[in-house]
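The structure appears right after this line, and notes come after that.
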Amino acid sequence: MPGWITEVEQVHREAVTPACSEMLLPGLGKGLDNSPHSKHGCLACFLHRVIVNIIHSVKGYHSKTIRFLNVAFDVSGDSLLAGDQQGNIYVFDLNGNRFSLVQRTMQACTALAFNLRRKTEFLVALADNSIKCFDTETKELVSWMRGHDSAVSSISIHGSGRYAITTSTDTAQLWDLDTFQRKRKLNVRQSVGIQKVFFLPLSNTIISCFKDNSVFAWEFDTLHCKYRLPTPVEGSVLLYKVFAVTRDGRIFVAGGKSNHLHLWCLESRQLIRIIQMPAKVRAVRHLEFLPDSFDGGSNQVLGVLSQDNIMRFIHIETCKLLFDIGSHEEGISTAAISPNGRYIASVMENGSLNLYSVQALTQEENKPPPPTFKVVDNGSKSTTEANKLTMRVTSGRPEHPWKSKASKIQTRLLKLQTNTSLENKENELPGGLNKKRLRALLKGFGEYPAKYRMFVWRSLLQLPENHLAFSSLIDKGTHSAFVNIQNEYPIKSRKLLRVLQRTLSALAHWSAIFAETPYIPLLAFPFVKLFQNNQLICFEVVATVVVNFCQHWFEYFPNPPVNVLSMMENVLAHHDKELLQHLIKYSVTSQVYAWPLLETLFSEVLTREEWLKVFDNIFSNHPSYFLMVAVAYIICSRAPLLHCNQTADFEYFFHHRNNLDINVVIKEAYHLMEATPLDIHPQRMLDDFIPLTKGQYPVFNKYPEFIVDYQTQERERIRQDEIEYLRERQLAHELEAKAQERKAEEEAWYRKQELFREAEEQRRKILLEEEEKLAEQRQRLAAARRELKVKELQFLDASRRRFLKYQQDQHQMELKRLDDEIARKASMREQETAAALQDVEVRRLELESQRQLFEQHLTKDREAVTKEMREKVDAHRRKVDREDHLVQRLMEIEREENQKAQIVSEENIAKAEQKCVGTDWRLQALHKLRRDDWDREKHYEEIAKLLHDNRVKEAELLNAMRDAEEKKWEEVIQKKAQLEEKQKAAAAADEHRKQFLEDEINEALELTEKLRREDGCFERLRDLQARCPDRGAELQQVPRSGNICLNDLSASGSSSHMSLDRREELACQERELMAEVRRLRQKLSAQARAGRPPTRFQATKWTP
């Protein structure tokens, strides 16, 4: 849960929303608690002039702090832009005391800058090497600029606000902020990187600084090089890393990995000064001038951020250190100064954001008094030009009051000048102070000056400042006794709570008794609030107080110090026996009226000013004075105490503030110190003040160790049990959360499956509808094709009828000619022959109709088989519809060609067969005229044989047609090869048919010759022999046909000698033949439906 934490109080929110939220900034007019406790809480903050400390934290099971990375002020200096490591960009309104989240970029920012023309727009450089422009009011993306191959380190805006320069390590790019287009790009060699490129204020000059220490100035309009700064004089070369210029663009400052700063005059292009920082500064990380409204842009105060994370502000003319911000404990990572010179925003090493007031920093508060000596540089005069330019940064005060080297020098001078006595030596304090003089000052004013108090206290307590020892204690981490201290002491300030926890943990690691002492947080808390910005001083002050002013407190642990309370009771009995009797009367012991004052160090009953005044006197006197102050407080409160008669009233009195003059209490304490007899005086029981040892802290073991060790073991056992319980509870919560998550996932999966099922059903319905439409279209197409086929069959039938009519006419003419020839010999049988011919004609017509019907059925079967095969192919080739369509088209063209060829073949075969039948008919008619019934029976056997051959031929034809259609489907891709094979097959069939006809003619001639020999019909056979060669020549020209007419030999049975019985027998045989043909057709249809290929016959068995 994100939240903003200030030094005074913490703003708790459920989430940081884009809407503006109130920000509590002490010193800006809102949210400042004016109670004494609040004043104590922000004392250290006030001393360091920190207006607000902002921490972006996320609260939850694993709390963490989101680090700020960059800050930038707008042109007015009243708005602050800050970006954190998660890409959140915040705007702080310093006048309105509000903040708002303006953008979430979802990636860390590397540089920030406000647009100087459109005040609501700002530029942010992101970790993906791009630059984005956003609007703070609409919170929308204005533009997205790309072009850098590495992270952008700085953004410089031209004074007109129209142009911007973005700098990375390998290039610098110039952008037009009106069109957001890149105008120019500065490329350098890979070996020479770019440090920084920026606009020079109040001019059209661009300054480019490279890693080889070269500095170039470019004309902005033409981008021509104006000049280059010369190489520094010998002995002063340093690697430039950071740069700064004054607002008037005249002075240019450069620094790097050294404690030297180079000041260049850009007008004369000369190095005018080399500033030497203190020896503690080994490298400079950031430079920035502090603006002043009255300096005309020629800024004189320069902020220098060094490697020790302290930013020092120096005067470049006098080279005096004015003030500094930051410390070793809370170092500064980067900083920005507002253009109006009112605020300094710094990003701290811990990721928080500090806002300083420049006005408060320049008031010289929280500084020790200036020493009475001058800083003299005793170095030898150098004749080199570098030494002439070099000036050291000096100060009339030490950088840190608790490390005052100049004061120590002054102390040594005093030792050399005067012969001090032993008493004066005892009164001498570190920092050049004297305890006797401080007591005189305290006696005269009642308290120390507020701005020198902390310095005086550190001198009085003679703090050793053992950094290494304290670091070792801090490195041990948070003590187990104070892990959950926030539950017992819910302090709003996260920083204050963190410092209190670290101080108490350090005390517990120093001595185990402090981890078991319940009142140690109450005792240490006032000092933690005072010294929260310097944890080392805070710890040593508390440790000094415990060692000297809390003597004999822990001898009766875990009970209150009965011996100390008895001393106070003896003093009270000596000076105010009546009050003590009153307290005894109502069973009020020293644990009720004295111990609450001691364990809280009077922080519950005194205000901040009163508490500071009391401890000014306590630290300046013997440790027994602390107990005398408690007794004096009780004596001075005798009037209200004498009116109390309830134990609860007494307890309330010593735990809350009362109307009491603290000056009277202090005077009474001094009176008790002087008037108390020596035998009951606490000074007799308490040791004199002993400061902490240097290097290592003293061993503190003045307590019953066995009790503390037992409590420590018990506490550790309880802590382990709690850890185990929390672990089990966490595990249970995790299992429950996983179960809930799994349940939610299952529900989501079922919902998704249901949606999938519904979508599938819907798509299935759509597919069914499409298939139905496609089926309807196919049905319509099939119907159209059937209509076309029917029309085609009708047309073929009509043409075939016309041809048959022509044949009939020819037959009739031939019959008439034969009838004329026979009439001379068989005039008696003309009527019978005519009737027989009519019957034969009727039967021939019937057979013709049956043949046509059979051909129609064959065509339908073929279409059904073709359609079935097409559906199978379509089922396997749905994904290639276009190719299938082409194949269909080729098949249709091939089918049409085959049908045309078949029709032509049928017509040719019909003609040939008709001629053959006519010849046979004439031969048989002549033979039957000459032969008797025996010959007719033999002829009937021949007819039956021919009919049987016709059936075989029909079956072979059907199988051949079926096989041909299968070959068409199988050989679609190899059409040319199929055509060649068909042509070869046709030639073979023609040859076979020719051979067959020749064999038939030869057999007929042999039969005729035999009959001629038997009957002597020489004249008719001679004519037949004369016509046969002509018929054979005609048969050679007849092409192959795929169909056989069933009634080709229908006229062969006609004879003038045919009897009615023979006719009936012939009709019966014909009916059997038609029935067998129907069975064969049904069998072929069943095979086609079952998908089984028909029985294949060898090509050599094909007959015409």
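Glycine is no exception: its Cβ is also placed from the backbone N, Cα and C atoms.
Per TrEMBL, coiled coil is recorded for 752-794 (among others). For the coiled coil (752-794), the mean pLDDT of the prediction comes to 90.
Taken from TrEMBL, the feature coiled coil applies to 962-1014 (among others).
Per TrEMBL, domain 'Rab-GAP TBC' is recorded for 447-622.
Annotated region 'Disordered' per TrEMBL: 1084-1104, in sequence order.
The repeat 'WD' feature in TrEMBL is assigned to 325-366. Sequence-remote contacts of a segment are chain residues at least 6 beyond its ends whose Cβ falls under 8 Å from one of its Cβ atoms, and for the repeat 'WD' (325-366) they are 25, 27, 47-56, 65-73, 75-78, 80, 82, 84-85, 94, 285-286, 288-293, 303, 305, 308-311, 313, 401, 451, 454, 533-536.
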Legend entry - Positions on the same chain near the coiled coil (752-794), where near means CB under 8 A and six or more residues out: 856, 859, 863, 867
Inset, instruction - Taking helix as H, G and I and strand as E and B in DSSP, count the residues of the repeat 'WD' (325-366) in helix, strand and coil. - result: 4 helix, 18 strand, 20 coil
